[in-house]
Every structure is written in C-alpha cells, then in structure tokens.
Amino acid sequence: MKQLLYMIIFSCLLPFNLQAQKIIIGTKAFAIVYQRDVEGHLQQIYLGKKLSDTAGYRNINTALSPAYATGGSTYLNEPALAVKHADGNMSLVLDYVSSKTSNENNNIVNTEIDLKDPQYPFFVTLHYRAYQTQNIIETWTSIRHTEKSDVILNRYASAFINITSQQNYLTHFYGEYNYEMQMHKFQLAPGIFSIQSKLGVRTACNYNPSFMVSPNNDVTENTGEVFAGTLAYSGNFDIQFESLQKNVDMGNSLKIIPGINAYASSYALKPKENFETPHFIFTYTTNGEGQVSRNFHNWAINYGIWNGHQKRQTLLNNWEATYFTFNQDTLVNLFDGAKKLGVDMFLLDDGWFANKYPRDNSRAGLGDWDANKKKLPDGIGYLVKQATAKGLNFGIWIEPEMVNPKSELYEKHPDWVLKAPNRPEHLYRTQLVLDLTNPVVQDFVFGVIDKLMKESPNISYMKWDCNRSIDNAYSPYLGKDQDVMYVRYTQGFYKVLDRVRAKYPNLDMMLCASGGGRVEYGALKYFQEFWPSDNTYPMDRIKIQWGYSYFYPALAICAHVTAAGSESLKYKLDVAMSCKLGFDIMVKKMSERDIALSHTVTDNYRRLQNVINYGDLYRLVSPYKTNFASLMYVDSTKKKAVVFAYNLESIEADTYPELKMNGLDPNKKYRITEINLNSGAKVTFTENGQIFSGETLMEQGLKWYLKWARTSSVLELEAI
Ligand code: DGJ
C-alpha cells in the first residue's frame, strides 16, 4: 500500500516530460498503454477501447499493474519472469530503458520496449506488432544477458496482461481425443487458475491455448466487453490467470500470464544467447464474442496460417473407408470415387509404407518410409500419375516424428528415441517419439518429406500426423541437460518445418495430431489447415466445429463426411460444408442418389467457397445453449451470404429458437434460396425464393423452419 501511495504522490510532482512518457500500442479499435513510474519501472496504465484524445490515457489504477512482473524482488505474486543470476541471486528488477515504434507497412506498427536490471547486465525486450485493421496485437519477449556464466530462467512468460475489474468470467476450451474444443465458461475465483499442457507434443489435446475473459456474464455474440488471447506454441504451455481481489497493492485485478510451461524446464541461458518466447496474440472488443472471432479469422487468413489466401482443396480421404487394408488397385478405384464426388484431391492415409515390418496395423512399420511393395508394387509415383491422369491431385499421410519399436528405423537407431533410462519403455499406440532435439534426427524427419517430394514432385498435399505425447521424457542427445528437453523438442519441430516451407512453399499441409491435438498458431504458421477431430459424428462435430470457430477460420477446419452417425447424408454434408469440405467414405457403397447429392454439395461449396472461407462469420444459435445451431458467413461486399441451420433434437420439439441473421446490409434486399437438396426433394425452408430486406432478416429474422429432429438446411442469400 505504501508503495502505491508513494507512487501516486510522486507522480503528481514529476516534471511533465517524464509523466508524458506513454507508450501507446494501438490498433484501430483498442489500445494497451504503458508508462514509466517514479521508480523507473514500466506499468500498464490502460487496456481498452482506443481513445481519440491520448491525454486521456493516464494512470488511475488502484492496482499495481507491472508491464512484465519479475520475481524475487518486491512483486510477490505470480511473476512473468523469474531467474537465478550467475552469482546465485534470485531477484530480478527491470527498469525501463527506452522504446521505439516503427511502421512496417500501412497495417502493422511495431514497438519494442527495452528493460534492464539496474544491477546486472540482464536485458529484456518486450515486442509488439499491432495489426491495425484486424485489431490484433501480437506480443513476445526476448531475454539476454552478459553475466559471467549461465543465468537460469525458472519462469519466462511471453507477456503479462493486467485487467482491472471486480470480477471476470473465463471461457476456455478443454477436450480429449474425440472431444476436442469443448467450451467452458465460469467466474474466476480469487487465486490462480491455469490452462496448461505437460504433454510435450500434441499439447493442445486437453486444453487449447486460447481463451476469452469478460467482466460480465451477459456478454453475447454482438455485445459486451471481451479480452481474448491465444498462445502460438506447440510445446508445453501454461496460461495463468491470477485473480486478485481486495489485495492491498493489487486491488481487484486479474493478471494473465501466458507462456511456455516452466514445468521441468528451467532454461540455462548462456551469456549473449537470445531467448525468444512464443508469441501471444490478443484482441479486445466491446462488441462481443463474434467480433473476437472475426478479428482472429481476419488475422489468421492474412498472417497466421500458411498460404491463407490459397484456395483450399476439397478431398476424399481413405482412412475411415479402408483403414490399413488396401492395395494399389483398390486405391486407383477410389480415385474414381473421388471423381464421382467432384472433389479436387485424393488423400492416401496411414498404411502405405514399410517392408520388413509392413504397416498393416498401428503396431509396426512407423519410421520406415518406403512404399510397401506388396500393397503398392509400383510405388507412390504410380499413384500420383494415375490420380493426375484422372484430373485429381494427390495427397499423402505421414507421421515423421514417431517410430514403432517394430521397425527398421528403431533397429538401426535405438538412440534416436525419447525414453528415460532405467524405466520400462512406455508405448502408446505401440509407438515412441523420436528425439527431435537431435539435429541428425531433424535431418531424418525433414528427409521423410524431402524424399517423397523428390521422388514424386506432383504430390500436392501432406497430412502430418502425431499420435502420442511424450512421457518418460529423456533425450539421449541432451545427456545431462534434460531441463531444456521440452523446449528444444519444439524448437527442433520448428526447424524442420522452416526447412520444409523454405523448400516446398506450395505444398498444402494438414496439421493432425490424433485429431485436434496440435491446433494452435505456433504450428499453423506452417500449415494451411487442420484435422479437428477423429470424431466425425455430425452431432458432436457441430459442437467441436463451433468451439474451433472462436479462434480459427473455417477454411482451416477440415470437415469430412463419413459413415459415422445415423443422420441423413444431407445432414452430414450440411455440417461439413460449413467448414472445409471433404469426404472419408466408401463411395462404392453409396447410392447413385447419395453420390449425386454429394456432387451437388461439392459444386455448391466450390461456388460459395469465397463466402464460406473468406466471409465474416456470425454465430446465430448456439448448440451450447439450445438443441439447435445456426451460423452464417457474409462476404465483404455484403452481397452474398450462406446460412447453415441444424436441428439437434432427437424428437420433434415444441419450441424453437429465434433465427435472426447478422452482418447483412440493412438497406439491401436479399433473395433466399435453399440449396443442398436432393433432386426433386421438397424444400424445408417455407419462405424459399422470397426477398427480404437485410433489416427484416436481422431485426425480425426467420421463423425457425427445421421442425423435424436431426434435420438441417443451407440457405444462400443474394443481394438483388
Ligand atoms: C489419427 C488421425 O487423426 C486419423 O485421421 C488417421 O490419420 C490416423 N491417425 C492414421 O493412423
């Protein structure tokens, strides 16, 4: 308390130029503002709507709000950075040194703030990239020193965000294999809550590193204050929320501390080495959760994912259709199936490789990346040629970071595997993780992709899978330096991907980890799209896709029509079409009528792909709140829109939700047409073909027309 009083009294006495030293990091709509305090430390003095009068940004906080809290000195709550100096001192103080801002282009403003310990040659730089149009700020920290020997980083967060509010509601996304991205919202209690991973790889399996915080519970899609962030990191992460209430120094405030999980990961930073934390990407809005999503989608398409503007390929995958049982002829026959559906590509999944220990199930062959001669006597090149001859692109599945003990790779290189000495080998899906901290293993993993591409340059797509986490963690390569194992693994993963992208920029890649176990922006920087879940039951998929939609754009969310679920094919098609459409189905078991409907939907998807992939998303009816769901995409000109609606009831219901559209131009007139219908089928939408103004559609809405259980429809809106 004393400290706070002291600061307030002295800041009033300070000369104007020192008080005026504000660092404003802003986008078009919001800003985060820092100012040096009387003791020379940097404080966050504002986070909120951008003010036109910058003089309005002033420190009226009753809470201490350090820009980047350090441990071992006077800040006694959870810090962002905690170190042990070379001389053993555990305290860290960071004084403000300088800052600079520069425009990278019309849209991006970069700011760097340098901080330094007054007593030690220990330096920190806070970096910010402010994307003006997207209303997104990306922040990260670099840490270095010139002390006599290593400084141990015991905690090294990417950022430290202060939210000043009496209460806070947190929405985060938990999950498990087959149940990814389930939304959960609750009021934060005093104390520390954390979403984190210790899985090593596949780290988004149980919690996605994304969240939203609101001061009120009644925030909606269109209204209310929301701060939302996501950590771009593929290794162990930890996002802490320290909620302080009636705290003498901290008042009522929430500290958000996103970063690498320091669990088993103290990092020995060498003199002059620069440690860069993962990037934390955040937004703030007073226009509700829908705006959060549109900000992230816009940012992701333009900056966050690989080749965001490249048109996505519709595809037929053979995994759920054949599993491991196929040969050259059955695959070539499947190409005909792909043609019948009208898709762009055939994707060959697991099971195509290994000879000494053939990959006929998940127990053998992983690591031996030569085509299996029995199944594919003419190799991958032949399949690519056949597909190309039929006017299809060809994609292939790999899982290059993993190995089955029953493989030639393991026989040759038992020391390339992460596994603790003196512990029994612990298999999961009968496999182990390769030691990506080892540069030779990185070469091998890069070589898997490189060899396939050199032998068959026409491969247009790879599905990169990852089907286990790291346990009994020990790298034979790192020997005594196991503390850095988790960090080095992730760095090794990125090094391989950097090489892949430098050499194969036009190769489409799908990010998969037993489904959505790796969905985050650290990895998505290298991938066009991801496989969100092995659960393709349409009822579950509606909720899973809904969860992803908060942070990830539709064009990145692969959605395949499969045999799973007893719903009609139309229902499955309508669910899949709302993201990135694909199929994983035995076409030869489908009726001509079903094939024709699938082809129609594929054609509709292609025709409306620009709206669904690049339009603005509006969530209309939540499956988390009702037994119905609806969402729509509106293109940037507001001339075209597509509405998806699903009834999730198991019997006919008596009450129905409101269906008010959003994002349309109130002054335009829209013709509404129901699409995705079997030829000759009756339309479900009772006002089909009618014309309404945007205003009517948004203010009064449509009468809910999907009365029958498990029915769905897709409406196309066109301004006339
Ligand atoms: C897990 C993936 O999620 C599936 O789609 C499939 O590729 C299998 N691995 C193959 O082993």
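Counting starts with 1 at the first residue shown.
Any Cβ shown, glycine's included, is placed from N, Cα and C.
What TrEMBL says about this protein:
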{"type": "ACT_SITE", "residues": "D465", "note": "active site, nucleophile"}
{"type": "ACT_SITE", "residues": "D534", "note": "active site, proton donor"}
{"type": "DOMAIN", "residues": "40-269", "note": "domain 'Glycosyl hydrolase family 36 N-terminal'"}
{"type": "DOMAIN", "residues": "629-715", "note": "domain 'Glycosyl hydrolase family 36 C-terminal'"}
{"type": "SIGNAL", "residues": "1-20", "note": "signal peptide"}
Checklist entry - Looking only at the domain 'Glycosyl hydrolase family 36 C-terminal' (629-715), what is the mean pLDDT? => result 95
Next on the checklist: I'm trying to understand the geometry here, so how far is the Cα atom of the residue listed as 'active site, nucleophile' from the Cα atom of the residue listed as 'active site, proton donor', in Å to the nearest whole number?
Outcome noted: 12
Next on the checklist: To see if you understand the setup: which same-chain residues, six or more apart in sequence, place their Cβ under 8 Å from that of the residue listed as 'active site, proton donor'?
Outcome noted: Y177, N178, S514, G515
Checklist entry - Across all chains shown, how many C-beta atoms besides its own are within 10 angstroms of the C-beta of D465 (active site, nucleophile)? => result 24
Next on the checklist: With DSSP assignments reduced to helix, strand and coil, which class does the residue listed as 'active site, nucleophile' get?
Outcome noted: coil
